[in-house]
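Notes to accompany the following structure.
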């Protein structure tokens, strides 16, 4: 920690480094200019959100001591922060300004509007040079290539990127579904055919313009869950890999030694092949609810699926392959829980599960008190424990010994039961009642 600046009373929404100063703007419309080294307040301006609510800030190149402010009302203002005077007010375009970006040409600024319009405007003469319109609405980010190609890139709220040819004034190429969420940040590296984008989907991507048609392809990426992780476990005995799931319905591998080995097993889908055919550009109606618990074993992971997962509110258990880095084709569900139309409306849900050490079987507990065993290779149901149920309430935990001799189950009625593994047990070997 080097410096701290504490005088804002509302959450800060915009910041801009400005030579030896730092400009910060909060939700209340208060603009403060700080001396970075001394931590002193150099200047403070207050704007009324009803008249001029600041939504974007930019320092135009070669404009000494001046900043350009864009507003939700669609107007712009140039201020001199050295003299704290308003230099000029631009009338605007009857739509909120979402982003401001300096163009390679001096005096020209790219302005992105909430309506999807992109305007290249000359500040010196207050004249519009050219206009474009983005079909996907709100413009979230703008950047310009400076490696000899007259290309402007604009990002949208649904994750698409458009590349505009400024000489021919038309769309050059499009990058559909570059991100799962809005393209919140975008910058073309100076004099390089490279573009870096960021998004609330928790990804940072590097694109390179080396395709035959001039379009970009993904070169590198760093990513994680777009929602907070809800369940994590080490995979294997060496402690090098962690499996995690989150509310974004994905299952991921994180390596504890290097980020290069981080992998995604994809999103859970009722029909993985159909979802793959639809592509990322279209919202997937086959997306399954988030994973809430999973179990894995390293044994037999190269022969068949070695991860089993429970989904929120579903009786169905899905299988995944750590070796192939994908969701498996098996959907484990007892015959008694099949419904004619939609199994997702079943009253019973899977609550816990356990993979045997040999990797051949998965034992699943349900909210109804049932406990079932399935084969991991074929997905076939093998047997059920209890008569008619293993527990009188939801099953809260399951464990199996390493030799597949005994299964231990715990129920919400505060009872732990021990079952023989290899036979279809109607009665447990022993039960232990836990006092509350």
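Counting starts with 1 at the first residue shown.
Placed from the backbone N, Cα and C atoms, the Cβ positions cover glycine too.
Copied over from TrEMBL:
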DOMAIN    2-210  domain 'WDR36/Utp21 N-terminal'
REPEAT    176-207  repeat 'WD'
REPEAT    388-419  repeat 'WD'
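Within the same chain, residues 138, 140-147, 149, 153, 155-161, 216-226, 248, 279-281 sit at least 6 positions outside the repeat 'WD' (176-207) and bring their C-beta atoms closer than 8 Å to a C-beta of that stretch. When DSSP labels each residue, the repeat 'WD' (176-207) comes out as 0 helix, 15 strand, 17 coil, counted as helix, strand and coil in that order. When pLDDT values are averaged over the repeat 'WD' (388-419), the model yields 92. Residue counts for the repeat 'WD' (388-419) under DSSP, split into helix (H, G, I), strand (E, B) and coil, are 0 helix, 17 strand, 15 coil.
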